[in-house]
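Visitor: In case it helps, TrEMBL gives these features for our protein:
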type     : residues : note
DOMAIN   : 87-226   : domain 'Palmitoyltransferase DHHC'
TRANSMEM : 20-39    : transmembrane segment
TRANSMEM : 54-73    : transmembrane segment
TRANSMEM : 134-154  : transmembrane segment
TRANSMEM : 191-214  : transmembrane segment
Amino acid sequence: MSPQPRKSLIAHIFAKVQFYGVVFVLIPFIFVFQITIVYPELVRKLKVSLVEQIVHICLISFCFINVIGNLIYSIMMDSSLKRPVFGEGTYCEECRMVRPVRSWHCMQCNVCIVKRDHHCSFLSRCVGLYNQRYFVLFLGHVMLSMTYATYYNYYFVTMKFKGDGWALSAFRIFNPLLRFIIPEPMGYKDVYLFFLIMNVALIVWSGTLFYWHFKNVLMGVTSYEARFPELKDASRWKQNLRNVFGTKWYLAIICPMCESPLPEEAKYV
Ligand SMILES: [Zn+2]
Ligand SMILES: [Zn+2]
């Protein structure tokens, strides 16, 4: 057999940089920015009471732990097939073993994935039986966190612009050529406005993906199976929810560290 070039090397490096950049730079940066710049000024200008401050700090910490925790667990939990199954299944020519029903071979990961949902290029791995919970909840918590961040960043940006000129600034962010028309140099308030726009963009991105994946979870189908309406079963939504989020699903949705074992049924249906 002739040597094969590593076709996915650049994609592999890009995915790694993307992942470590998001986990160790982007998410902590957003958290530190909100807690050290936006939050203290809002507290001072809006005269927020001590009780409200404690509630906000708890909410910000809750968002941070759930976003970063679910992201890290999505990577750490491995859904690849380690050994052949005995009983009902199909034979994989690539792995040369019998895999359970609903398991598929991933060409990028080069392994069979148990209850394969899809290959996520952002995580650089497949989403399957053991990491789907964390993947879906990561999207849900990004959506909630960005909605919350948009709420108070809106007040922050409004204060900076004093209610005037923000629309023109937004145009200039996306079209730097406007600086020839607007002589005033860009400043901090333009950067704050850019963060607010990013907040809204992330709500749209995570909200759309969360809607799609959570709907599939409730219907009991994977992303591939969602093409076939006859496989969807909304009447079993409670059991479908447990099959992805585990028996303690109510704890799983508020804390990624909480154990929520999958029911035995989840591995075969
Ligand atoms: Zn395989
Ligand atoms: Zn894969």
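Each Cβ is built from the backbone N, Cα and C atoms, and glycine gets one as well.
Automatic, uncurated: that is what TrEMBL annotation is.
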Visitor: Reported in the order helix, strand, coil, what are the DSSP residue counts of the domain 'Palmitoyltransferase DHHC' (87-226)?
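Guide: Computed counts for the domain 'Palmitoyltransferase DHHC' (87-226) are 78 helix, 18 strand, 44 coil.
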Visitor: Tell me, roughly as an integer, the mean pLDDT over the domain 'Palmitoyltransferase DHHC' (87-226).
Guide: 88
